[in-house]
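Reading through the C-alpha cells given below for one structure.
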There are 2 protein chains.
Amino acid sequence: MTFLSDTALKHELNARGFRSTPQRQKVLRIFMALTQGEHLSAENLHQALEEDGEHISLSTVYRTLHLMVYMGLLRELELAEGHKHYELNRPMLDHHHLVCVHCNQTLEFSESSISEIGKKTAETSGYQVLDCQLTLYGICSKCYMPEART
Amino acid sequence: MTFLSDTALKHELNARGFRSTPQRQKVLRIFMALTQGEHLSAENLHQALEEDGEHISLSTVYRTLHLMVYMGLLRELELAEGHKHYELNRPMLDHHHLVCVHCNQTLEFSESSISEIGKKTAETSGYQVLDCQLTLYGICSKCYMPEART
DNA sequence: CATTTAATGAAAATATATGTCAATTGATTT
DNA sequence: AAATCAATTGACATATATTTTCATTAAATG
Ligand SMILES: [Zn+2]
Ligand SMILES: [Zn+2]
Ligand SMILES: [Zn+2]
Ligand SMILES: [Zn+2]
C-alpha cells in the first residue's frame, strides 16, 4: 500500500464506486514522491502540482484529500500551525509527532507498540481502523525557560 | 489538577506572570462542570457561558482557550468535525479517542501505557510534555457496509 | 458510441480564527 | 486607600481555511 500504480489506484477507486481521474492520479504521485517526514497542506499540494505544470483547482485538491483520507491512503495530521497537513499512510512504517505548542517545531518519532494498541482497540469497538496517531504536545527546551519568568 | 479553586487558579496564573480575571475563572468552571466524555468547541463554550448569563466576547474565549492549553489545564482535540474541541486535561485520568471519519461518532477509551510512552519520548527530546493524545481514525460498523458497494 | 452519473473548475459563500486599539481592570507600590 | 502600570478585555475589522453551488466535462458501463 506504500506505492500504488495508476492501475492499482484505479482498482481501489472503482471497487468502492469512485472513478479514476487524472487529478487523483497526479495527487497521489506527489505524495509518493515525498521523503519521509514531509507533510503537505492543501495549499502546499496545490502549489506542488502547479510547479509540475498540473493545474488542478483548489476545490478538487480539497475533495481529493478528503477522499484519500476516507480511503485510508493518506493520513491527516493536525499539527500546531492552524491548517491540516497530509502525508502517505504507511501503516507498516508508522511514525508519530511531538509538537511544541509555542514555536510549532515538530519532531517525528516511531513507536511500534502504537499500531498494536490501535488494532486491538478498533477491534473491540467494531471499527475498521484507517489511521492511528499519537501526538505529543509540549514545550521544547528552547521555549521553556523558567528563569525568564517572574 | 483535576479541580482548581478560584484562588488556586489565581496562583497558577500569577506564578507565570498572567492575571486572574473573572472571565478565566468562569471558563474553567464551565469545563469543571462537564461530565467525562463531553468536549466543547470555542463556539460551544461561548454559548454555554451565555446560557449561564455570562457574556464573554468570542475573542476572549479564543484567547482563554489558548492560554489554558499552553498552561496544560486544557487539552485541545482535533476530532473529525472540522473545529477543535477542548476538555479538562487530567493526566491521572487520561483517555483517548476513536473517531469515525464518516459519521463523526467519537468513542473514548483508556490506555495507561500511552502516558509512559509520552513521558519517555518527551524526555529524550528535551520537551516538557503538556498533553499526550492517541487518536484512532476509522470507520464504524454502522458506516462500513462492504455489501452496499458495487 | 450512447447513456448515465460522478467529478471538475470557477466563483461565491461559510466557517473559523486572529489582529487592532481604545477602554478597563488586576497586581503592585506608595 | 489611592496611584501606577501593564495585562486584559470587547467590539469590530480582517484574515485564512474550507465548503458549497452549479454549469460543464469526462469516466464507466454495456
Ligand atoms: Zn509525519
Ligand atoms: Zn518551542
Ligand atoms: Zn475526551
Ligand atoms: Zn460512522
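FYI, residue positions are counted from 1 along the chain as it appears here.
Just so you know, glycine gets a Cβ as well, placed from its N, Cα and C.
Any TrEMBL annotation is an automated prediction that lacks curation.
Around B:C100 (Zn(2+) binding site), taking its Cβ as the centre, 24 other Cβ atoms fall within 10 Å, counting all chains. In the three-state DSSP scheme, B:C100 (Zn(2+) binding site) falls into the strand class. Taken from TrEMBL, the feature Zn(2+) binding site covers B:C100, B:C103, B:C140, B:C143.
Compared over the binding-site residues B:C103, B:C140, B:C143, the count of CB atoms lying within 10 A of a residue's CB peaks at B:C140.
When the C-beta distance to chain A is held to under 8 angstroms, the binding-site residues B:C100, B:C103, B:C143 reduce to B:C100, listed in sequence order.
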